[in-house]
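Student: Sharing a structure, written as structure tokens. Questions coming.
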Ligand SMILES: Cc1ncc(COP(=O)(O)O)c(C=O)c1O
Ligand SMILES: Nc1c(O)cccc1C(=O)C[C@H](N)C(=O)O
């Protein structure tokens, strides 16, 4: 049992706002400013450089990684923090290609993947210059395309536009049956759906912590390497903090033990402090409970919006087992409608060409929020409140 009324009080939510964009950037945990203030004044301020040892800054990436591991069904000691998700995608993919069957040249992904993952794959292929090909199929066609010519799959479990959820167990099992190495992007999974990386024998996984995990803008990413591979992988980004003995300052790289070798450079100590405050709230729950509650909230929103707004077309799978923790509707004036909604205190976002996207996070969203958001959306749609010049100009960040 999780007391969701209590977890809701742990976040700062501006008055009058219903926040349905935690799938892009989670809200501020109320304890985070005091914690960051403490880390800055008591640790950075007083300990200066001795903070690396006395305050445990150097061990923080693995310590925080273990807290994330619990939420993604990973083994202790298999997750480490640092860098951005795009960097972690590159690292995981490079190491996966290194483990893959040598004469296979295809990286398989799908058109529901976030563009940065595809861009990073393109960049890696260019720099390796070994004839790799990025094959991008539709999400529905991924399974059929896992065949004996594939080296690595690079799949984001939850589609950022539609919320469609891949079956990680089934796809991983099929990949292994064909000798394919798997890289899973958990950006829209961590804190949103229940995954069991260890149980499904995933090879590599990566994810960010600023969405459902509420670590704050620019919060560091994480990387998972299955313990059976961790001492074999050869990091492409061989930075000094992934070295076996960083402070020996040897001239040549020797990989550190296990997951430590996936570290690159200096840990973002202040950002990790904010993330730790966010993870304190996660200590009060577990992913099975979150998943069940998230499915109720998304189902309620779909039912409410379909009844009130027949002009919106559901883009998210209706079966709760086939979606993540977001609901998307298609509407040709979706950008303007989202701006009108935001002006009325309901914050979601828009993804081109026509997707209105809403994220549901049981830690601070309840049934009343869902119903009220649907009522306001109905007002926007019934009264064409989106048809206003202020809502037509696209902002730089949407
Ligand atoms: C699936 C996925 N991959 C990669 C990224 C890029 O992450 P970052 O900006 O942290 O590198 C995002 C979101 O921005 C994402 O949703
Ligand atoms: N990472 C973001 C950012 O730095 C600014 C604005 C939005 C984002 C996002 O997270 C985009 C996100 N991956 C998405 O699902 O659309």
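Note that Cβ sites are derived from N, Cα and C of the backbone, with glycine treated the same way.
Note: TrEMBL annotation is automatic and uncurated.
Below are the features I grabbed from TrEMBL:
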BINDING   85, 86, 114, 115, 116, 117, 156, 185, 188, 210, 240, 266  pyridoxal 5'-phosphate binding site
MOD_RES   211  N6-(pyridoxal phosphate)lysine
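Describe the structural context of each listed feature in the structure shown, including burial, neighbouring residues and relevant distances.
Tutor: A helical conformation is recorded for residue 240 (pyridoxal 5'-phosphate binding site) in the three-state DSSP classification. The Cβ of residue 240 (pyridoxal 5'-phosphate binding site) lies under 8 Å from the Cβ of 246, 265, each of which sits 6+ residues away along the same chain.
There are 28 other Cβ atoms within 10 Å of the Cβ belonging to residue 211 (N6-(pyridoxal phosphate)lysine).
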Student: Among 116, 156, the binding-site residues in question, whose Cβ has the most other Cβ atoms within 10 Å in this structure?
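Tutor: Of 116, 156, the one with the most crowded Cβ is 156.
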Student: In three-state terms from DSSP, label residue 85 (pyridoxal 5'-phosphate binding site) for me.
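Tutor: In three-state terms, residue 85 (pyridoxal 5'-phosphate binding site) counts as helix.
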Student: Any idea what the Cα distance is from residue 211 (N6-(pyridoxal phosphate)lysine) over to residue 188 (pyridoxal 5'-phosphate binding site), rounded to a whole Å?
Tutor: 7
Student: With H, G and I counted as helix, E and B as strand and the rest as coil, say where DSSP puts residue 114 (pyridoxal 5'-phosphate binding site).
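Tutor: In the DSSP reduction, residue 114 (pyridoxal 5'-phosphate binding site) maps to coil.
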Student: In sequence order, which residues at least six apart in the same chain have a CB under 8 Å from the CB of residue 85 (pyridoxal 5'-phosphate binding site)?
Tutor: 116, 185, 187, 206, 207, 208, 221
Student: Go through the recorded positions 85, 156, 211, 240 and pull out the ones with a Cβ less than 6 angstroms from some atom of ligand 1.
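Tutor: Near ligand 1, sequence order: 85, 156.
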